[in-house]
Each structure stands twice: as structure tokens, then as C-alpha cells.
């Protein structure tokens, strides 16, 4: 890694700026997912998890930016927070019937987690809070990146990637790659390890789009419907 860090050192500012710009652009990837939901006329088959997780993660990063006194980090994540709140509202708008109650439950859970972690920051020892909070954010990031894989069983059953947020996964992979390179330049093992795992998870999910179509075949739909009638 040392030789690569030396080779990339002259491009440190460029790589850092690129990583920040790509991160901001990633926040807008949710627009494509919301548009898919709009065209379908329903949020059925989609998950509010990426939007709620993005809102919580952005909010916590605003807090982390305040701890680091990093104005750029605060501004970027305020944009992410605002956009993800809009995405959640759009998701709820296109959620039909009793499923709205499930969305409210997810919103409540996300809010409770965010409130709990923000309260933790206020009471933790100032000497260790920065490192520990950074570790918590890393875990949350990896959960968010790997969240679509929770539906792997359904994907294999339907032989379709319908419902997987392709724009978010693709842009997230580019973000992970950009921050991985920046971590190499900074010689930060913490940043490198975090983004190697995130990039690997992103590539696994992207490979599903190569293997399976975005829409289930007619035979698969018929089989699914017959299974529901049998049950």
C-alpha cells in the first residue's frame, strides 16, 4: 500500500475533492428509485430501508462533523439528510393501505436509533467518544451497504433483481472506491478497511444485476402467484 500511496500523493487534493463530489451526487441517486416507484404506482417490492438508513446516517455524520469541526462534512450531510427525508415522504406517499403502518414503524425505529446514538455522544467520555462514534458510523455504513442482500432469498426465488436500488448500489460502489483511494493516500488503515468491505459488498450486489434481469419472467410470475394461492 505504501508504494501506491506515494504514487497517488500528488493527486491527494483531486482525489479528496472527487470523493466529496461523488458522495453528494450519490445522495441524488434516490431520485431514480423514487421515479421507478412512481412509474409502478406503488412502493410494493421496494424498501424504505435505504432512505431511512441514509437519513439516520447523514444526521449522525452531521454530529460527527461538529465533533471534528469540519464545516464541509456538516454541509454535505445536511444535503443528504434533507434529500433522504424527501425520499421517505415520497415512499410513504406511494405506499398503499395497511403497508403505511409498517412504514411508520420503520420511521419510529430509525428515529429511536438516531436519538439514542445522539444521546450517547452527549454522555460518553470526550477522550474516547470520537473514536467510538466513528466505529459506530462504520458499522452503520456497512449495514446500509449490505442491506439489499437481505432480500437475496427472494431474488434467487424470483430470479429477478426487481426492487433492488441499482442507482444507489452503483453510486455507492463509486463512493467506496473514491474513499478507498483517498484512504490509501492518507495511509489510513481504518478508512481503507472500511471501504474495501463496502466496495466488496457493492460488487457482490452489482453482480446480481449481471446474473438476473430487472423484471421477473412471466413463468416466474405465474409460479409465484400459484404459490400464493396454494398458501
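Note that Cβ sites are derived from N, Cα and C of the backbone, with glycine treated the same way.
As the structure is a computational prediction, the values presented were derived from the model and not from experiment.
Straight from TrEMBL, the features:
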TRANSMEM  15-34  transmembrane segment
TRANSMEM  46-64  transmembrane segment
TRANSMEM  76-96  transmembrane segment
TRANSMEM  103-121  transmembrane segment
TRANSMEM  133-152  transmembrane segment
TRANSMEM  164-185  transmembrane segment
TRANSMEM  191-212  transmembrane segment
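The stretches the transmembrane segment (15-34) and the transmembrane segment (76-96) are in mutual contact, each linked to the other by at least three Cβ pairs under 8 Å (pairs 6 or more apart in sequence). With pairs at least 6 apart in sequence, the transmembrane segment (133-152) and the transmembrane segment (191-212) have 3 or more Cβ pairs within the 8 Å limit; the two touch. At the 8 Å Cβ cutoff, the transmembrane segment (103-121) and the transmembrane segment (164-185) share fewer than 3 close pairs (sequence separation 6 or more) and do not count as touching. Here the listed stretches are 46-64, 76-96, 164-185, and the one with the most C-beta pairs under 8 angstroms to the transmembrane segment (133-152) is 46-64. Packing against the transmembrane segment (76-96) from elsewhere in the chain are residues 20, 23-24, 27-28, 30, 33-34, 37-38, 40-44, 46, 48, 51-52, 54-55, 57-59, 61-62, 65, 103, 107: each is 6 or more residues past its ends and has a CB under 8 Å from a CB in it.
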